[in-house]
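According to TrEMBL:
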- GLY164, ARG165, SER166, THR234: NADP(+) binding site (BINDING)
- 5-119: domain 'Tetrahydrofolate dehydrogenase/cyclohydrolase catalytic' (DOMAIN)
- 138-289: domain 'Tetrahydrofolate dehydrogenase/cyclohydrolase NAD(P)-binding' (DOMAIN)
Amino acid sequence: MVQIIDGKIISAEIRQEVADEVTVLRGQGTVPRLAVIIVGSDPGSQVYVRNKHKACEEAGIKSTVIEMPENTTQEQLLAQVEKLNNDKNVHGILVQSPVPKGLSEERAFESIHPLKDVDCFHPENVGLLMLGRPRFLPATPAGVIELLVRYNIKISGQYVVIVGRSNIVGRPLANMLAQKSERGNATVTVCHTGTKGLSYYTKQADIVIAAAGVPGLITGDMLNSNCTVIDVGTNRIPDASKRSGYGLVGDVDFESASQVAAYISPVPGGVGLMTVAMLLKNCVIAARLQN
């Protein structure tokens, strides 16, 4: 029978650990603070920002949300980031993605001071991660690995197939899992929506991680009977029964996959919660680095 990998339980454990660390920092005179910049009025982004703000406050981390209008220029966005870079009371800076058309996310990410880059998007931090000397761990990949570790799912020596090659999840996660470390040492194949014969790879995998942004891409007939499935996908689909008018589904067809896999993470209730928890950990790391 399949075992559900419960992100609610694990993320709650991590958030409590973070809260304990924050208590220590506060006792030393340091109050960790995260500043989140959101440009425009994307509904999904607003939900994510509210969730991050609430999680910060519950952990004792001060959270400031800076809302900028849809017509914000690149120069105005960069100026706001620079203002936060120079604020000694701000330890972490996050520019919520996506930004409106006409703005460059890359330029915004690169303008954040590396010590305040809690998303781990700055080229300096990406480089350190690739070298195996990370300052921060990108939140979603770190959350995936934390789920595997806390459920005692073996990583070392295992064949891992990641479906998705984004700079946010697929690429950094592949690097982290392949590195010679206690939480790595896996053999990793990165596939994507353009991969021919995708099931050829997934059927051989001990661990399948779906992060392509395609609802129901991975089905039960693409898996072997003892695998672990981690669903990173968060896709909105119309759902008239929901107050919001939409529901969330992953990249994995949960019903068929759960009939085959040994372990599986659900959507919602899986990786998404871990992303927020790992972001909080990075805020604490940033506060320590700057004090």
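Positions of Cβ are set from backbone N, Cα and C atoms, glycine also.
Shown on the structure are the features that TrEMBL records.
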| residue | record | contacts (Cβ under 8 Å, 6+ apart) |
| --- | --- | --- |
| GLY164 | NADP(+) binding site | GLY170, VAL190, CYS191, HIS192, ILE209, ALA210, ALA211, ALA212, GLY213, VAL232, ASP251 |
| ARG165 | NADP(+) binding site | ARG171, VAL190, HIS192 |
| SER166 | NADP(+) binding site | ALA211 |
| THR234 | NADP(+) binding site | LEU248, GLY250, VAL267, PRO268, GLY272 |
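Within the model, the domain 'Tetrahydrofolate dehydrogenase/cyclohydrolase NAD(P)-binding' (138-289) shows a mean pLDDT value of 96, rounded to a whole number. For the binding site of NADP(+), formed by GLY164, ARG165, SER166, THR234 according to the record, the largest Cα to Cα distance is 15 Å, rounded to a whole number. Under DSSP, THR234 (NADP(+) binding site) is assigned to coil, being neither helix nor strand in the three-state scheme.
Taking DSSP states H, G and I as helix and E and B as strand, the domain 'Tetrahydrofolate dehydrogenase/cyclohydrolase catalytic' (5-119) has 60 helix, 19 strand, 36 coil.
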